[in-house]
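Here is what TrEMBL says about this protein:
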- A:1-28: region 'Disordered' (REGION)
- A:1-13: compositional bias 'Basic and acidic residues' (COMPBIAS)
- A:16-25: compositional bias 'Pro residues' (COMPBIAS)
- A:30-555: domain 'Cytochrome oxidase subunit I profile' (DOMAIN)
- A:54-75: transmembrane segment (TRANSMEM)
- A:134-155: transmembrane segment (TRANSMEM)
- A:182-206: transmembrane segment (TRANSMEM)
- A:218-246: transmembrane segment (TRANSMEM)
- A:280-299: transmembrane segment (TRANSMEM)
- A:308-326: transmembrane segment (TRANSMEM)
- A:376-399: transmembrane segment (TRANSMEM)
- A:445-466: transmembrane segment (TRANSMEM)
- A:486-508: transmembrane segment (TRANSMEM)
- A:626-643: transmembrane segment (TRANSMEM)
- A:716-734: transmembrane segment (TRANSMEM)
- A:746-763: transmembrane segment (TRANSMEM)
Amino acid sequence: MTLRTDEPRDEFPGGRPTPSPIPRPPGEEEELRRLWRLPQGIARVTAVNNSQVGVWYIGTALLFFLISGVLALAIRLQLAVPGNDLLDHGTYNQFFTVHGTGMMFLFAVPIVEAIGVFLLPSMLAARDLPFPRLSAFAFWAYFFGGIFFFCSLIFDAAPDGGWFMYPPLTSYEHSPGINTDFWLLGIGFIEISAIAGAIEIVIGILRTRPPGMTLDKLPIYAWSMLVMAGMIIFAFPAVIVATALLEIERAFHWPFFIAERGGDPLLWQHLFWFFGHPEVYIIFLPAAGLVSMMVPTLARRPLVGHDWVVLALVGTGFFSFGLWVHHMFATGIPSLSLSFFSAASMAVAVPSGIQVFAWIATLGAGRVQWTVATHFLFGFLFIFVLGGLTGVMVAVVPFDWQAHDSYFVVAHLHYVLIGGMVFPVFAGLYHWWPTLNGRLLSERLGRWAFWLMFIGFNVAFFPMHISGLLGMPRRVYTYPGDLGWNLLNMISTVGSFVLALGVLLVLIDIARSTFGGGQKAPDNPWNAGTLEWLPNELYATRSIPHVTGLYPLWEQPDLPREVREGAHYLPGAPTGRRETIVTSPIEAKPQYLMPLPGPHWGPFLAGLFTAVHFMCLTVQWYYPSLVPAVLAIAMVIWWLWGLDTGADHPPQDVGGGWRVPVYIQGPKNHSWWGMVVLLLVDGTAFACLIFTYLFLWTVSPDVWPAGGGGLPGLPWLAGGLALWGLSALAIGWARRAVDRNRHGHVRIGLILAWAAMVVGILLDANAQIGTGLVAAASAYGAIASMLVAWQAFHVAVMTLMLGYTLARSAAGLLHAERRVTFDNTLLMGWYSAAQGSIALLLLHLFPRLAI
Amino acid sequence: MSGRSFPVTFGAMLAPFLIWAGHFGLVYAINGAVCARSPEGAMLFGYPLSVALVAAATVLAMAWVAVLLVMALRGSGPAGHVASADPRRFARWFVVAGAGSALVAILWVGLPALLVPACG
């Protein structure tokens, strides 16, 4: 419950009293510095501050960009002249696969999340994101996983099936060895890190905004990150499911994609592109958000059509999910289906166009500052608009049939991705660099870098439109010299090296600044209007401002001074630890004071052990892989154990008349929100499995049991449903026991729920096996077994969660006033029971009812 | 005035787009399933089965979005009751603009059903 000491003062501009009285007591700021300081020496890896993890994250993404870029240069050298033997076809395949995979999975998505981790808290004036240790774990998992992935090149074991990994090219028959496994296991696990980041970002944006920052005053960048994170939540499970299915097919020969046994290679394409096309917008929207923040600053006026741009971001997020089949126009899908996707592909150009017009109108109406960032923004507009136009071209089905798998598409995708994402990110680097180390990057070097990149990019990629229209296919490692492609390829190769030289200049500039070179920046060098330009240190801003508009620094000129003096919210650390204010998601009113965890070895070690676990799986050390898996879980439990602290302090005054609790339970708690978002991810993955089941049935109904023959009897269904229902009821009963602090009943309820789940899954599996079901025999056997296995995985997760909750109960750390852990277990338990019931109904009833 | 539930308000703001997404998924599923599994030449109301179902889904989705649009214009519906003036105005504007966009998008996606052979 939120208590108020007096009538809250909701508005503070115009000389009215600020939320906290000044001058502040002595020692308050030093206390903040002490609490938020970084560990030193080797212990620096235990840091969880978003400002530190964000920098590591950005640096690692740039490193992987560099490695992937070097591979691109090797590819261009190989294609510079016909009949070249610089790279053999096997090495070439590995290079272009790792280049594409590295750029998409290890650079593009991570860097937009990294920038979010770094920038969002300061843009929202929060002290940190809500789950700092989860952020740190996501980073370390990505770091170790990425290094491991690129190392596969050294051992000639890199994946070679293209970044899209289409079966049957990647099946166990056509791609033996471990190359493909590196992709499937390596990338699959790194995507889990992306999902962790997305959960963090969603809850950070919705719950840690400063008081007064109502939903309509949310900065555009935060909107774009919110949409991006939402898209990750609904898109990435599809690729995780796809990689799991393909890896299982490779390891155990379950035929999800093998047509001879009822599978279908097109299933991969559906799942992959259901992720893969939104992925383009997952990359583009945050970049567009950065642009929408930079353009008003550089044009010195508010963004034209702010609300329309927000609508466009949300609309793009939705429409982009309706495009996945436009990568499959040449696969023989019914013409009416093609038309739906063609229409959606064209429709998505409208919201993108709204944003472009808003940027041009703002720049046109303002007085533009010509910084390096401005150059990159104009370069972005030119290149992205060209990429968008060719995008509309390939959305037209007959044109796509002509240009499909040609270099025209290579040109289009690079125009969209480099234009739409790399140029804005480089603009952002120059623009926000002062918030990172207090120095400006060089304007002179930056302009050289821009022109080299802009000219190099167009020289490299524009000719590919023509070579594509002349018939040059993509993914070929060489070509004969009499097809008219020679000059175009040579020009592209020269352009690619000019582009690389520009990138190199940027990296030199960054290195120079990192080691202390360059000019010191004033607090707000570009005279921006948003909160990230408030004076801040490791603890973020000295006090959390009260926001009254979209551009607080323009509308409240005294705000930086007031914030620095501690005149706004939470000017100190009232409970003597790291904390930030949690506000309501729509009105941004203070709800409670969230304790934030500090440095810990757990995230670093858990990331390392998780990577080692997947590395062991890749090289087929199945039993040894259990050791790092157990260690990784132990590390997570270690860092979690101390977090659910209960209401260990009385409500605190955070300023402005708001006295808020330091602990809150139920649906207002940020951890509860995290669990709900995780369940959305989980539910999406389950929906992908149901889609798989139905899709395989539509293509191969002949391998399905007919009319109930070959299916377990209906009593098995009733028994299974009863057990899942019992588990849900038992957890619900335990919840009521927690309310009354009846600890014995709590433990009985939890154990009963666990027992019901274990017996339930054993019964389900036994019923299926009893019918003679063989997973490797047919697509039906494979997907039916997969659904049971998926549920068994959830029972395993529940075993851990229930065991953890029981342990906390036994240790006296669970009671009516301290129950966030229990509430999370409850949510997962109910979800698992519901999912188990749906899976049972599908497995038992669908074959009986289907035509 | 008490604050409005986030799921209700945010859900209302996204409703036009969610209906578009539902419509899109449905028309693709109808077309895919009918073309793969229905008897050759199945008809409904004198039209190929897939075309008739897609057209019906399109009309229903458009009608639903139109209702949301009218409710938002009148200031009623879930988005009309959040606590402070600015978010309320913004939420309502968002529903109106989103509903307009969704109407066009649903019609645009549904139109091929009238123009293109169902299972060709």
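Glycine too: its Cβ is placed from the backbone N, Cα and C atoms.
Sequence-distant contacts of the transmembrane segment (A:134-155) (same chain, six or more residues past either end, CB-CB distance under 8 Å): 45, 47-48, 50, 53, 56-57, 60, 64, 67, 94-95, 98, 101-102, 106, 110, 113-114, 117, 179, 182, 186-187, 189-190, 192-194, 196-197, 199-200, 602-604, 606-608, 610-612, 614-615, 636. In this chain, the transmembrane segment (A:626-643) does not touch the transmembrane segment (A:716-734); fewer than three CB pairs sit within less than 8 A of each other, excluding pairs fewer than 6 residues apart. Look at the compositional bias 'Pro residues' (A:16-25): DSSP puts its residues at 0 helix, 0 strand, 10 coil.
Remote same-chain partners of the transmembrane segment (A:486-508), defined as residues 6 or more beyond its termini with a Cβ less than 8 Å from a stretch Cβ, comprise 62, 66, 69, 72-73, 76-77, 79-82, 426, 429, 445-446, 448-461, 463-464, 466-467, 470, 472, 479. Distant neighbours of the compositional bias 'Pro residues' (A:16-25): 9, 211, 543, 546, 562, 565-569, 571-572, 654-657; these residues of the same chain sit at least 6 beyond its ends, with a Cβ under 8 Å from one of its Cβ atoms.
Through the fold, the transmembrane segment (A:746-763) approaches residues 716, 719-720, 723-724, 726-728, 730-731, 733-735, 737-738, 788, 791-792, 795, 798-799, 802-803, 805-806, 809-810, 814, 822, 825, 829, 832-833, 836 of its own chain, all at least 6 residues removed from its boundaries and within a Cβ separation under 8 Å.
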